[in-house]
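Asks: Just dropping this structure here.
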Amino acid sequence: AGVVGLTTALVLARRGGYSITVIAKHMPGDYDIEYTSPWAGANWLPMAARGTPQVDYETITFHELWHLVHNVPEAGIHVQQAISYLREQDQDPKKALYSGNDFFLKDSWCKDLAPGFRELRKDEIPEGYVGGTTFQSVCINTQIYLPWLVSQCLKMGVRFKREVIGHVCEAVGRHHSGKKAEIVVNCTGLMARRLGGVMDESVYPARGQVVVVRNEAPAMISTSGCDQPNEITYIMTRAAGGGTIIGGTYAKDNWESQPDPNIAQRLMKRAIEICPQLVKPGEGVEGLNVIRHGVGLRPSRKAGARVEGEVIDGVKVVHNYGAGGFGYQASYGMAEYAVRCVEDFAKGKAKL
């Protein structure tokens, strides 16, 4: 019941003709280190590498989120100007912390998708950076958006159950009708590493630490890197009073659930340096009004997201996991592809 699972259930329900039960250990409202979605920023900042399925995932999702911003205010999404600053040593996307993305570059694949995309002028680039881009994007209040997804699923007849299972095939017997489910959709994120029948060892956590403050930022600001390994600067103000997220870290294979106070101080210090408007002149870090410190484990996967169908012990299973740090911004695209796999199984077609 993270953003990928909820979105997949909703897209599938909107297709019609399916009776859907969502089973999950964690639901919106929970805060647990195993449950990534509540900890996210969350926004749309293209992470896809050219020529990968992720480009399609993020494109499909952008159109849906843009629609929600302008037509469904209760979803808790708003538009912010995105500003990205590029360091000289990060000009090769393959060497950047988020390997493969090119949204810092003027010829980014999303230049014709994101409204107002342009290269920054020299007078707009702060000291220590060599370039950057800006465009209009969206920022999501996860505390509103996740329950909204649940409400939309409920309106479409989807049922929800709290369950903990050890093997993916056990889900067949958990349908609310009491009958066996014909197809299981696996959206277990990081836990796909431990789920029987899947046990995907290529799934790993990418630890993210953030500070949530009451101060507001004039834009969503991000940098291509910083002077600390596994750290990066980003700032985004969530919609509808959701606070401003200051990040962040990207520590692979790190399962630590508790915030590191030294990292938190660095995050806040760098945020003020890149966005002094966060505080009053001369206030420094002390001018930040902290709501909480948070840690989330991005459900990353070495080969990228897995969206495909397979038969496990005679059970038709559609996998949709491994989104890493782009779960929200790829959610509708990944869901669309997963639903196509479900439809192929329903029609008796071969594995995608």
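Using the three backbone atoms N, Cα and C, a Cβ is placed for every residue, glycine included.
So TrEMBL says this about it:
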- 1-338: domain 'FAD dependent oxidoreductase' (DOMAIN)
- THR36, SER37, THR188: FAD binding site (BINDING)
- GLY325: D-dopa binding site (BINDING)
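Locate each feature and note its surroundings.
Replies: Taking Cβ-Cβ distances under 8 Å and a sequence separation of 6 or more, the neighbours of THR36 (FAD binding site) in its chain are GLY2, GLY189, LEU190, GLY296, LEU297, ARG298, PRO299, GLY327.
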Asks: What's the longest C-alpha separation between any two of THR36, SER37, THR188, the listed FAD-binding residues, in angstrom?
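Replies: Largest Cα to Cα distance for the FAD-binding set is 12 Å.
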Asks: What Cα-Cα separation, expressed in whole Å, is found between THR188 (FAD binding site) and GLY325 (D-dopa binding site)?
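Replies: Here the two Cα atoms are 15 Å apart.
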Asks: Around the recorded FAD site, report the further residues of that chain (criterion: Cβ within 8 Å of the mean position of the Cβ atoms of THR36, SER37, THR188; site residues excluded), sequence-ordered.
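Replies: What remains near the Cβ centre is GLY2, VAL3, VAL4, GLY5, HIS26, GLU34, TYR35, CYS187, GLY189, LEU190, MET191, PRO299, GLY327.
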Asks: Where GLY325 (D-dopa binding site) and SER37 (FAD binding site) are concerned, what is their Cα separation in Å, rounded?
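Replies: Taking the Cα atoms only, GLY325 (D-dopa binding site) lies 10 Å from SER37 (FAD binding site).
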